[in-house]
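Below is one structure, written out as structure tokens, with a few remarks after it.
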Amino acid sequence: MIEADRIISASPKREEEVIDRAIRPKLLADYVGQPSVREQMEIFIKAAKLRDEALDHLLIFGPPGLGKTTLANIVANEMGVNIRTTSGPVLEKAGDLAAMLTNLEPYDVLFIDEIHRLSPAIEEVLYPAMEDYQLDIMIGEGPAARSIKLDLPPFTLVGATTRAGSLTSPLRDRFGIVQRLEFYSVDDLTSIVKRSADCLNLNLSPDGAYEVARRSRGTPRIANRLLRRVRDYADVRNNGVITSDIAKQALAMLDVDSEGFDFMDIKLLQAIVERFDGGPVGLDNLAAAIGEERDTIEDVLEPYLIQQGFLQRTPRGRIATSRTYAHLGIAKLD
């Protein structure tokens, strides 16, 4: 199964973009969670405005779905400037980047998502732009080619990535501010779900919000997606009223359990416990047992299970923890 097809996938879905923009917080005052990031950014933005300067270049990293794009837009809104948005894979030629840079107004924000996927040629153009607000471009071809420098207005580059370790050192070192986004607590996600429900004019009880939040794997994007599907269920089965019981019924219908696991997570855990006596089991054997690719298990299924303490990676293989046995309702043999 493709990761993006799972309802608990943190990957963005194109059809969700319009609604996501409508419920996305616009200012730091509306931004829930990430208290350290919020406090730091409030100070940095106020200081830049007091000095009438562009905000330092900002790198935001962390798992998908935690609000990197949201934070980039908040920075632009708080600074009172425009934001231009692109992504690493889209910037194929130096001219593409040059066109964006030369159209910036003073203090504008240039947001590059998936910045770890920039080509080396694009990075070379970025270095002087970030450091000196200058653009080095080549005019002409062959022996007649010459380099000219163009002055750029002061601007803020905001880069977002799920793989900070994949950035080259020269690029990473040019960011004056680096922020890591962490998974959200259930309390913070409950607040996010309530806010989204208000934006969408939903009839949502506090207990209903909690049931959605606790299954959202620490990720606002998943929380908002589950809320929309629960809304569909409530519209058909309960006149649009989302109670705790309605939320539980809707999420059970979607095969999302109390831990936010779907059938793929459960299939993996059951295989380790029931077919391999809890492990250790090698990755190849596990992949064959559940009919999934090695990469899918390693990159998609395992990270959240490990982070929540349901699975251990060891040199000898994967091992199910006591939490797995308790969750599956299976007695652990000594």
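Note that Cβ sites are derived from N, Cα and C of the backbone, with glycine treated the same way.
The region 'Large ATPase domain (RuvB-L)' feature in Swiss-Prot is assigned to 4-184.
The ATP binding site annotation in Swiss-Prot covers Ile23, Arg24, Gly65, Lys68, Thr69, Thr70, Glu131, Asp132, Tyr133, Arg174, Tyr184, Arg221. According to DSSP, Thr69 (ATP binding site) is assigned to a helical segment.
The Mg(2+) binding site annotation in Swiss-Prot covers Thr69, and the record cites sequence analysis as its basis. Shown in sequence order, Thr85, Phe111, Asp113, Ala160 are the residues of the chain, 6+ apart in sequence, with a C-beta less than 8 angstroms from the C-beta of Thr69 (ATP binding site).
According to Swiss-Prot, the region 'Small ATPAse domain (RuvB-S)' annotation covers 185-255.
Counted with DSSP, the region 'Head domain (RuvB-H)' (258-334) comes out as 42 helix, 9 strand, 26 coil. What Swiss-Prot lists as region 'Head domain (RuvB-H)' is 258-334.
Taken from Swiss-Prot, the feature DNA binding site applies to Arg294, Arg313, Arg318, supported by sequence analysis. Neighbours of Arg313 (DNA binding site), defined as other CB atoms within 10 A of its CB across all chains, total 13.
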Which of Arg294, Arg318, all binding-site residues, has a Cβ with the fewest other Cβ atoms inside 10 Å: Arg294
Residues close to DNA site centre defined by Arg294, Arg313, Arg318, Cβ within 8 Å: Gly282, Leu283, Leu286, Ile297, Glu298, Glu302, Gly317
Count of other CB atoms lying within 10 Å of the CB belonging to Glu131 (ATP binding site): 11
ATP binding residues Ile23, Arg24, Gly65, Lys68, Thr69, Thr70, Glu131, Asp132, Tyr133, Arg174, Tyr184, Arg221: largest Cα-Cα distance, in Å and rounded to whole number: 37
Spatial neighbours, same chain, of Ile23 (ATP binding site) - Cβ under 8 Å, 6+ residues apart: Arg195, Ser196, Cys199, Leu200, Asn224
Residue among the binding-site residues Tyr133, Tyr184 whose Cβ has the most other Cβ atoms within 10 Å: Tyr184
